[in-house]
Amino acid sequence: MEVRQGIHSEHAKQLDTAGLRKEFVIENIFEADTYTMTYSHIDRIIVGGIKPVNAKVSIGGEVGKQLGVSYFLERRELGVINIGGPGLIVVDGTTYEVGNEEALYVGMGAKEVVFSSVDAAKPAKFYYNSAPAHTTFPTRRITLAEASPTTIGDNITSNRRTINKFIVPDVLPTCQLTMGLTKLAEGNLWNTMPCHTHERRMEVYFYFNMDEETSVFHMMGQPQETRHLLIHNEQAVISPSWSIHSGVGTKNYTFIWGMVGENQVFDDMDHVKVSELR
Ligand SMILES: O=C(O)C(=O)C[C@H](O)C(=O)CO
Ligand SMILES: [Zn+2]
């Protein structure tokens, strides 16, 4: 488990490219037959990927020890979105089939969560976020259709995209975690511009569906102190409450957003006018 400390906006201002990347970018999300795990002190979100190929993968007791509990989800909830081939997730003996672009919410208290792929030639790739929880809400699979796809933006501003809200209060109750998947239409490059901050929540972005020679310039920083991070396929960015989070790609791409914090109101954003950005 890799730990990232929280960071003050005044400190972030001083960092060079390598320094910013060390604090905010998670370069390695998927490794065959194991899980990756980054623990951020910002709202104590945990971010990672699970890619079972030939073996089953479970997030075991050693993580519980590092978290000061006896098992991973003793005091946490989990959201998973599969971006790979068909997969299976067994939660305390109940099997959930989780296909490409489908999600599973696992409530606090699940002791054993085991991940596997249906076909080793097309391995599942389970991207996950986990947040501290106070009660148990039911474990549930969510399909793409249930995520109420909504298309917004315009070709003229190069930001036509479909937002799929998988883990939000309209779909199912959770303690604090919300997660969704946003797909840019072909020829469209910008996400979340005009941009926003939300003092009341942090957010993690995970970019994927990108060709080898493409990248996303992820915009971060306070609105009058912007920086960018070069993101390649299947990499994630931690976005503190004080930071904008927007991006422009050299080609269209898809990303998963996950948020934790004070509220779960998707539209609770402090919008920033483009003319006010620096
Ligand atoms: O395309 C978008 O715009 C988004 O997906 C918005 C993000 O999810 C977000 O920043 C929510 O606060
Ligand atoms: Zn946001």
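Each Cβ is built from the backbone N, Cα and C atoms, and glycine gets one as well.
Just one of His228, His232, His245 is listed by TrEMBL for the same Zn(2+) site as His196, His198, Glu203, and that one is His245. The Cβ of Glu203 (Zn(2+) binding site) lies under 8 Å from the Cβ of Ser239, His245, Trp257, Gly258, Met259, each of which sits 6+ residues away along the same chain. Contacts of His196 (Zn(2+) binding site) defined by a Cβ separation under 8 A and a same-chain sequence distance of 6+ are given as Ile244, Met269, Asp270, His271, Val272, in order along the sequence.
Apart from His196, His198, Glu203, His245, the Zn(2+) site neighbourhood in this chain, defined by C-beta within 8 angstroms of the site C-beta centre, holds Thr192, Cys195, Thr197, Arg201, Ser239, Ser241, Ser243, Ile244, Met259, Met269.
Sequence-distant neighbours of His198 (Zn(2+) binding site) (same chain, 6+ residues apart, CB-CB distance under 8 A): Ser241, Met259, Gly261, Asp268, Met269, Asp270.
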